[in-house]
Amino acid sequence: MSSSVAGPDCCGGLGNVDFRQADLYVMTWLLGYVDPLDPCFVAAILTITFNPLFWNVVARWEQKTRQLSRAFRSPYLACYSLGTAILLLNVLRSHCFTQAMLSQPKMESLDNPTAYCVGLALLGVGSTFVLSSFFALGFTGTFLGDYFGILKEARVTTFPFNVLDNPMYWGSTANYLGWAIIHASPTGLLLTAVVALVYMVAILYEEPFTAQIYQQKASPSHKRS
């Protein structure tokens, strides 16, 4: 999804985390609770990895060929259609994520009121970032309007973009983490790590393009044209 962001980043999302320093014991411990061959777990992994791949491939194809805009006879209608498809795919991803958690055992140490409250807090924070990002960017700004030639006057710098880079991605990650903790699910925790990793790859792919098009928009030659 589009990440029309600028301004200081107080913590860099998860982008500044050095995963090489992670304790592999934690991952091994989580895998002790998870059956990676469970069909629900496999479906969750597939939807988590497929969704960003789908929207990035389609958006880059549109940016290079304008085939969707021609097919729908409007870049706006094409963007709305792609955005609707992305929303439906994300609903499917969340469903598969939940079914994978329910199909595998809980972690007793997480099944307590304190952890439940932490999960609710993460859901609140994550939802705040996701919804405020959407309202700041609008539908076309959120769902890859940049690739359809639908640009804002300038990159968004208001909340939540003034406190966190890519707040929609990290807000979504916080939602999955909170949902996993509420369900006391090691499977959910592992899948959340996959969500974060996939989003980091998507950011590396999307950010240079977003920066480039707004630099071009701000250039004197573009303004004269």
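Yeah, the Cβs are placed from backbone N, Cα and C, and that goes for glycine too.
Listed in TrEMBL for this protein:
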- Gly124, Val125, Gly126, Glu206, Glu207: S-adenosyl-L-methionine binding site (BINDING)
- 39-59: intramembrane segment (INTRAMEM)
- 1-38: topological domain 'Lumenal' (TOPO_DOM)
- 60-71: topological domain 'Lumenal' (TOPO_DOM)
- 93-119: topological domain 'Cytoplasmic' (TOPO_DOM)
- 141-183: topological domain 'Lumenal' (TOPO_DOM)
- 205-225: topological domain 'Cytoplasmic' (TOPO_DOM)
- 37-55: transmembrane segment (TRANSMEM)
- 113-137: transmembrane segment (TRANSMEM)
- 176-205: transmembrane segment (TRANSMEM)
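Features as recorded by TrEMBL, highlighted on the structure.
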| residue | record | Cβ contacts under 8 Å, 6 or more apart |
| --- | --- | --- |
| Gly124 | S-adenosyl-L-methionine binding site | Gly178 |
| Val125 | S-adenosyl-L-methionine binding site | Gly171, Ala174, Gly178 |
| Gly126 | S-adenosyl-L-methionine binding site | Trp170, Gly171, Ser172, Thr173, Ala174, Asn175, Tyr176, Leu177, Gly178 |
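Residue counts for the topological domain 'Lumenal' (60-71) by DSSP state, with H, G and I taken as helix and E and B as strand, are 11 helix, 0 strand, 1 coil. Residue counts for the topological domain 'Lumenal' (141-183) under DSSP (helix as H, G, I; strand as E, B; rest coil) come to 22 helix, 1 strand, 20 coil.
Regional average pLDDT for the topological domain 'Lumenal' (1-38) in the model is 58. Each of the binding-site residues Glu206, Glu207 was assessed for Cβ neighbours inside 10 Å, and the highest tally belongs to Glu206. For the topological domain 'Cytoplasmic' (93-119), the DSSP counts in helix, strand and coil order read 20 helix, 0 strand, 7 coil. Residues of the same chain lying 6 or more positions beyond the ends of the topological domain 'Lumenal' (60-71) and with a Cβ under 8 Å from any Cβ of it are 78, 81-82, 147-149, 209.
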